[in-house]
């Protein structure tokens, strides 16, 4: 979905999201959080998977229709100037937010290597867009028997041999995130994760979307909508 | 020419500039970027517990037809943090602060009320005796008439500030509970907390909220809340704050016609972050359109059927 972003005065950054009203009636009632997929000069793009009543409503919108967006919300990814190569690991629609990051990385002259995971090759999203941003893209799927954690670990190791990776970014899979937590620890590199959670207010008041983070030895609860959705990968407690 | 209607209301001694305020749990400091708190009838921070509480497991919300179920479980940083950080934050606003309290025992309710009521800018106490997410099967103090009486009585003994009891709709006769509150010395009633509810994902067979059951809110519950307000209005003289499914000014008016003096807005804040201001404007417009000068002209004004 491409929307005219000219009414948005705030700076919009990869990792942030908009809470979008997906209907005009009381069903669906709640807004749906969508991460930003592409940030263009005057437009914004969202990539969504048609899953329920909310996303079905969005498919029925036509060019010229108005959409009620609330945002930009949340904390963005941070890209350090010193990064030369970053690794993106996404599962399914989790690629949306990482595509925005790849776009920004390309603008900043940072090289991106991406591993995209999905059930089937048909479900692999945004591979071409990532390549257009100059990213080196690897695809893994259940269909081809390549998406298991052991294989992804092998791939990441191989990538790390070929290019020194300065930071890892991930979204969309708990399994892969746990793997990457291991790998960034082994390799002493930083990582960031964009979390997905059911939201109520998306403003930090209702405590619907919480997760645990580990700071030193204490575990405490943070709000995905306000304190995130991007968190340091090593700190998030993935149950 | 139309007169500017007066929206001021009084809830058991607590004077409010207008009848629109947030529902506890659906409001917080972070909303200051979206709406002007000074325009609200009152501010109501999330219920506070004595000890810090982690809250329930996620997912904590799910959507239903015309509503949502939440099972947050009163995630709370505890009373010390509340006194040190949350209450002082609201000092800069002129809208009176109603402090919502949740406790595990009657004594704890009294102890917390006493401490919190001592804070000068806390103008009233709302006793959350009705959260469905704390105990198994949604059990709450507000389901038992005798316990409710004892609880309110005890809190009445520790403060002269207005006490508002937030009732649960999950009872056979809300009138009995309302009367118990009145007899025990409450100053107002909040009708009502969320309705104990459950939803199941038929594909995964999993309950849609982590705590299995949760509280239903949103427009789907409004007709039940209107009925409860109507029943409570007949049963007691206490001012009523209607709460449950107020999405528009007309929903607020409907609750007032049933007997509410003010309304709280919860779920609507999530759908439209500026909902409370919109509702306020719609109430004003309705009053102008009907030539009503004050909220009292609406409260309890439902027309009774003509008997032959």
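Just so you know, glycine gets a Cβ as well, placed from its N, Cα and C.
Site annotation (TrEMBL): FMN is bound by B:24, B:46, B:47, B:128, B:166, B:244, B:245, B:266, B:267, and the candidate from B:188, B:218, B:291 recorded at this site is B:218. In the set B:131, B:166, B:244, B:266, none of the recorded positions has a C-alpha within 10 Å of the C-alpha of residue B:46 (substrate binding site).
Using residue B:244 (FMN binding site) as the reference Cα, a 10 A cut-off selects B:194 from the recorded positions B:128, B:131, B:194. Of all the recorded positions in the list B:24, B:47, B:131, B:166, B:266, the shortest Cα-Cα distance to residue B:194 (substrate binding site) is found for B:131. In this structure, the CA atom of residue B:47 (FMN binding site) is 7 Å away from the CA atom of residue B:128 (substrate binding site). Taking the Cα of residue B:71 (substrate binding site) as the reference point, the closest of the recorded positions B:24, B:131, B:166, B:266 is B:131.
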